[in-house]
Amino acid sequence: MEDEAEIYDGIRAQFPLSFGKQSKSQTPLELIHNATRRSTTVSAESDAANSEPGLKPSTSNSDGRNNAFPSPSSFSKAWLESARKPNPKAKIGGDSDGGRNQGRMIDDNDDDDGLEIGPPRPPLDGDAEDDDEPVVGPPRPPSGQIETDSDVDEEDKDDMFRIPLSNEIVLKGHTKVVSALAVDHSGSRVLSGSYDYTVKMYDFQGMNARLQSFRQIEPFEGHQIRGLSWSPTSDRFLCVTGSAQAKIYDRDGLTLGEFVKGDMYIRDLKNTKGHISGLTCGEWHPKTKETILTSSEDGSIRIWDVNDFKSQKQVIKPKLSRPGRVPITTCSWNREGKIIAGGVGDGSIQIWNIKAGWGSRPDIYVGSGHKDDITGLKFSSDELILLSRSFDGSLKVWDLRKMKDALQVFDGLPNHYAQTNIAFSPDEQLLLTGTSIEKGSTTGGLVCFYDRRKLELVGRVGISSTSSVVQCAWHPRLNQILATVGHKHEGGTHILYNPDISERGALVCAARAPRKQSVDDFHAQPVIHNPHALPLFRDNPSRKRQREKILKDPLKSHKPEVPITGPGHGGRVGSTKGSLLTQYLLKQGGLIKETWMEEDPREAILKYADVAAKDPKFIAPAYAQTQPEAVFAKSDSEDEEK
């Protein structure tokens, strides 16, 4: 065996190192995630500033220069320390070697030339026990590093706000603002709907660093996408557009069916088979995979059965403060699917409990919930808190046990899109919502975080300097934050993550480099010598070109002859004596005499009166012998006598 190895090494030495199968060089993950890292400029706000919801974030960098866009993350001091030091208790105070001597106290008597083998020995302390006694268990920490109850509380506080914000990727492709967002429960597929009438489907497992969607669908031509929702089993999803019919698709984007549309001429909405106006919101039942909920501009909320697209299960008509039809702007299920909340166009919030014999009368009615249309509602998992978002620029926190007044109102949140929502963190300790860009403002689109316990602002994160934030979500399995942005020319979905605390999702596709093109990918483009030979592929010419073509045609461009008004000449008969040759000859021969144009119609009729009286031919002879002579009554009026 040794001889064979020597022979192989001798033969291999004669060939260059590049000979044979080469191992692919893999880019380290650190370099990949550094390419997607957000700006490291972080400015911490004071506690007083964080307690004021309407305060604008700082716009100055560490070097003193003014920045028109706020810092990527302006959070409280507690979270800031946690983000910078994921485990602040693991580092010994006074170490300046970057953690290489972590867990080891430096002694002046140590021999620098000595070689250390194995784990570092425990720190030396003045009260240490005799070295001769055996040490049982792990070495105790240094005296200065013993954790107290206050330290544990501070560490829990730091870990509570571990928000993934260090890295960011953007899913692009839409030409207008992205108004709908849905992530399946496993976190493998993302749906984004936009005002450009399309829905894009992204797959994290099959997507590379180019971040391209694998499918694009257009549910209804000319209708904006207003809502997307996955089923509990993630095998189908609901698409709500500006039309009156919701559609159901399978996981791959194939149409399974659409719900029926109602008769718009029936006034009572309970008698219609479906919605008669554009939809505003829709959500799948969180537990039952056959039930969905939709709301519409016609002023009704309907519950549907996915297995029967032609009938509905329930019609809910809200309580109105004035007669007429008021649109339902949003709707939502609770976690168990036993409570329905609806936001009405008059600013009221209405809640229905699904129970035996329930109807359209709401169980909870808040008449003055908001001053403007409500854009989003969200239940907490413990069914104690309800969040509401509105066009009036506010976020309200409601206690479901006492809905008379809101627990807290957060103002200063501009909102210009009807799909702006609210979301919870996975542990439901934080609330997050997006803001829209105001005219003349320099802050851009933000995602604001609020503490549920203290009901105060935790911080703001800048997402885009030119686009508004509409939809936001915090996926519990991926531990990644998704925010949709856009304006009238462009839209996208920003995904914020942290390689240390996030899982899968953006980490998978960001680390997968695009496949290099090989010789097999080359396709020769065929040369087309006569591309417009068939009328099927010929472009319709413009009107200008059509006119130019007609002018060149001698037959079509020939000016028709003007009719002769006087006597005929050149072989043409004049129009004064008949335009036809037959008429001209008959007139000249005297066979046609036209005198009716020169006679008086009354005189022409009366000239036959004497002849008709003397020699009746038609009706009078039949009654001449039987009928008496007509005697007319004389008029008694004085005017006629005079």
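Heads up, the Cβ atoms here are built off N, Cα and C, so glycines get one too.
According to TrEMBL, the feature compositional bias 'Polar residues' maps to 57-76.
As annotated by TrEMBL, region 'Disordered' applies to 18-155.
Among residues of the same chain six or more beyond the repeat 'WD' (171-212), those with a C-beta under 8 A of the stretch's C-beta atoms are 218-230, 232, 234, 237, 239-241, 251, 253, 417, 419, 467-468, 470-473, 475, 477-478, 480, 482, 484-495, 504-506, 508-515. Residues or ranges marked as repeat 'WD' by TrEMBL: 171-212 (among others).
According to TrEMBL, the repeat 'WD' annotation covers 272-314 (among others). Using DSSP to sort the residues of the repeat 'WD' (272-314) gives these counts of helix, strand and coil: 0 helix, 24 strand, 19 coil.
The repeat 'WD' annotation in TrEMBL covers 328-357 (among others). For the repeat 'WD' (328-357), the model's pLDDT averages out at 91.
Sorting the repeat 'WD' (367-408) by DSSP state (H, G, I as helix; E, B as strand; all else coil) yields 0 helix, 19 strand, 23 coil. Per TrEMBL, repeat 'WD' is recorded for 367-408 (among others).
Counted with DSSP, the repeat 'WD' (328-357) comes out as 0 helix, 17 strand, 13 coil. Applying DSSP to the repeat 'WD' (171-212) sorts its residues as follows: 0 helix, 21 strand, 21 coil.
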